Amino acid sequence: MSASHALILLRHGNSEWNRQNLFTGWVDVRLSEQGVAEAKRAGELLAESGLVPDILYTSLLTRAIQTANHALDAADRLWIPVVRSWRLNERHYGALQGLDKAETLEKYGPEQFQLWRRSFDVPPPPLADDSEWSQADDPRYADLGADLPRTECLKDVIARMLPFWESDITTSLSAGKTVLVTAHGNSLRALVKHLDGISDDDIAELNIPTGVPLVYKLDDSFKPVEPAAYLDPEAAAVGAAAVAAQGKK
């Protein structure tokens, strides 16, 4: 089958809470200065590579939307259609949202910390609706009702992301459009797991860096015809190592 479908995945740039080493999840924080620079560089990489996004899919969280806007502006594609969906939101980190990662690691130990952070099917404790970090009263999720998560594991993220991939994103790919998905570490890990057929155990080792475009060439069944490639491999390696080290002082 022909490699006629180009898919670009872009994790949002470094956020204020990434900078402070806090669990973020669905808390709506903005990009740091570093994150803005990463997003602009991502757009420059797209332009330099000749990849021209025809449509953008992103989440309802500001850091992803900001990243997309800066990247598209740098690539002179700010005018393309945009589809936003909660299904591309970051994994909901439950009661961990707002906590310092290093302090959480010290309090609960490395085994529990990694279980909450990287296990496929073990979610953190749920977030109470009266927490200052709750989304229970957030108007952007008013239509979710019982679907509004209070915590998630990666398995849950896949369950809410895949229907959107299958109903919306693949439709654009089938139409011959180059698709840019600007989202989050775990929603993109969920999609990469699906695309690359990564096992439930091995997905724990996958770390996606902030602000570096990852390019897939897909066949007509939306299977990769070759391994996905970062447009800046060196920056991606440094960024992935930084993600892996989160929790350390």
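Glycine is no exception: its Cβ is also placed from the backbone N, Cα and C atoms.
Here is what Swiss-Prot says about this protein:
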- His12: active site, tele-phosphohistidine intermediate (ACT_SITE)
- Glu90: active site, proton donor/acceptor (ACT_SITE)
- 11-18, 24-25, Arg63, 90-93, Lys101, 117-118, 185-186: substrate binding site (BINDING)
- His184: site 'Transition state stabilizer' (SITE)
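There are 32 other CB atoms within 10 A of the CB of His12 (active site, tele-phosphohistidine intermediate), with all protein chains counted. Sequence-distant contacts of Gly25 (substrate binding site), defined as residues of its own chain at least six apart whose C-beta falls under 8 angstroms from its C-beta, comprise Glu90, Arg91, His92, Tyr93, Gly94, Leu96, Gln97, Trp133.
Secondary structure at Gly25 (substrate binding site), as computed by DSSP, is coil. Distance between Cα atoms for Gly185 (substrate binding site) and the residue listed as 'active site, tele-phosphohistidine intermediate': 8 Å, as a whole number. Secondary structure at His12 (active site, tele-phosphohistidine intermediate), as computed by DSSP, is coil. For His12 (active site, tele-phosphohistidine intermediate) paired with His184 (site 'Transition state stabilizer'), the C-alpha to C-alpha distance reads 6 Å. Long-range Cβ proximity for Asn14 (substrate binding site), meaning a same-chain Cβ under 8 A and a gap of 6 or more residues, is found for Leu31, Ser32, Gln34, Gly35, Glu38, Thr210, Gly211.
Across the fold, the C-alpha of Trp17 (substrate binding site) and the C-alpha of His184 (site 'Transition state stabilizer') stand 13 Å from each other.
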